[in-house]
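Going by TrEMBL, these are the annotated features:
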BINDING   209, 221  ATP binding site
COMPBIAS  1-12  compositional bias 'Basic and acidic residues'
DOMAIN    319-402  domain 'Cdc6 C-terminal'
REGION    1-34  region 'Disordered'
Ligand SMILES: Nc1ncnc2c1ncn2[C@@H]1O[C@H](COP(=O)(O)OP(=O)(O)OP(=O)(O)O)[C@@H](O)[C@H]1O
């Protein structure tokens, strides 16, 4: 067994590669200077005795929106404390709240905690309208300027009541600013016209990072996280990075993979930290391209695994038909052949046997989740066209995750062992 006393040859500060915003908080986000400048302009009226402007921040996941807003509002709070300006920020995480009602209860709780200290219960059993009035009463009691940051507001779905009411507050004693953050473009576009005309008047978009930006982000985090890794001179860019524990191609490769996908900094960080973990596990003193590739395959396996496990039993059965076909070298496979297998499976595990049309729908859903590839091909002269399906993930990963479903495990085992017998 390994000892906790073992010296770490790679890490200096293990948290600095952690993508979770609370575990490691970079002091600045140079790639977001323009966006944070726009946010600054929206909040600047506070420093001039005026009312902050409401803002809607939009951008895909992992673009520094949450952290950027935190940095800017903390900077403002420090300024306010230094200058005896009454400023209160309420950060409300909307994830997990599927209604305006739930977000309002969180907001009232937070505002009460400002007045009475931590540990106040959420209000229960009130109507939405009453909760809005309660929130406004609390704000009037607190006074000064209040900033309400609503992160991941898309969680509230179609019920955007809170976004309609908050920007319309008519307070005597308090100035209120609302900052909404979302990574869901559809949600932003679906907002009620009145909401968009108030909250969305100032919209700040965090566009996805490109590979060069990601390289510099990862290089800065690597300097903090790893031993014998530093910048030569003043430039905090990849070009100035010197490291005895990272081979030159590691950061460019992590950045390229993340940029290729969605430009998500979190994804780049996850890949880099998993590569370092792998090197550590293999007792290697230098992290190389091969660790990155293995780490990427591992992350991919986990992601695919999670998505297979989250499917319904019927979709899992549909997937299993293609997995079996792939294992037997019968892919791309025609829908009619797959349907035959499906009927057999349903009989074996005593599941509802859906009609052929519904089965096709399940296959198409699996195509949309990226687990299958669909093609339209000719059946031969005069026989028309048909859909064929191929597996987009490895059969091993599919078998492994399908067998985790108690209802399917025996069936999957039989199909796997059947294959083994036939290859003996
Ligand atoms: N420019 C940057 N420099 C350094 N780290 C960054 C940068 N941008 C993002 N990060 C890091 O990436 C991770 C994700 O950032 P953050 O949570 O702010 O993204 P987000 O856009 O709010 O994503 P989501 O919409 O998924 O909540 C954090 O660890 C953050 O510190």
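Easy rule for this one: first residue shown is 1, then count along the chain.
Here the Cβ of each residue, glycine as well, is placed from N, Cα and C on the backbone.
Just so you know, TrEMBL annotations never went through curation; they're auto-generated.
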* Structure fact -> Spatial neighbours of the compositional bias 'Basic and acidic residues' (1-12) not adjacent in sequence (6+ beyond its ends, CB under 8 Å) are 224-227, 229, 245, 276, 279-280, 285, 287
* Asked: What kind of secondary structure is residue 221 (ATP binding site) part of, going by DSSP in three states?
  -> helix
* Asked: By DSSP, how many residues in the domain 'Cdc6 C-terminal' (319-402) are helix, how many strand, and how many coil?
  -> 45 helix, 16 strand, 23 coil
* Could you give the mean pLDDT over the domain 'Cdc6 C-terminal' (319-402), rounded to a whole number? -> 92
* Using DSSP, break the region 'Disordered' (1-34) down into helix, strand and coil residues and give each count. => 9 helix, 1 strand, 24 coil
* Asked: Which of the three DSSP states, helix, strand or coil, fits residue 209 (ATP binding site)?
  -> coil
